[in-house]
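Enquirer: Mind looking over this structure? Questions follow.
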Amino acid sequence: MFDQEAKPSSGVLEDEKKDVIKVKVIGEDRSEIHFRLKMTTRLKKLKDSYSRRLDLSVNSLRFLFEGQKIADDHTAEELGMEEEDVIEVHQEQTGGGVSLDSLGRSDRNLSGKIGNH
């Protein structure tokens, strides 16, 4: 009998590779930061890391994957992410709407015109 070293099967290494993906995080200015992450890691870690790198508050940013807002407890696996997928980052905006009063019109003046043509 010969003693042989136990070698991990290539299937095990492939499984480990599938568990880790690289994603691109693209800001509004089109700058890219690449991250490697495990499929089961909560994306809060990625969001925190990105905001620290840019010295921004994570609460001032909105992270989107395929148009869907990414929650802190989402994982890449839950969102169906794959190698080289893209996460978009936008500055959170509050307000910005225009009220009719700010245009010099009152709601009363318009209410009589709505529906009466």
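The backbone N, Cα and C atoms fix where each Cβ goes, and this holds for glycine too.
TrEMBL lists these features:
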- 21-96: domain 'Ubiquitin-like' (DOMAIN)
- 91-117: region 'Disordered' (REGION)
Enquirer: Taking all residues of the domain 'Ubiquitin-like' (21-96) together, what is their mean pLDDT?
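Expert: So the average pLDDT across the domain 'Ubiquitin-like' (21-96) works out to 96.
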Enquirer: What is the number of residues in the domain 'Ubiquitin-like' (21-96) that are helix, strand and coil, as DSSP sees it?
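Expert: Secondary-structure breakdown of the domain 'Ubiquitin-like' (21-96): 17 helix, 28 strand, 31 coil.
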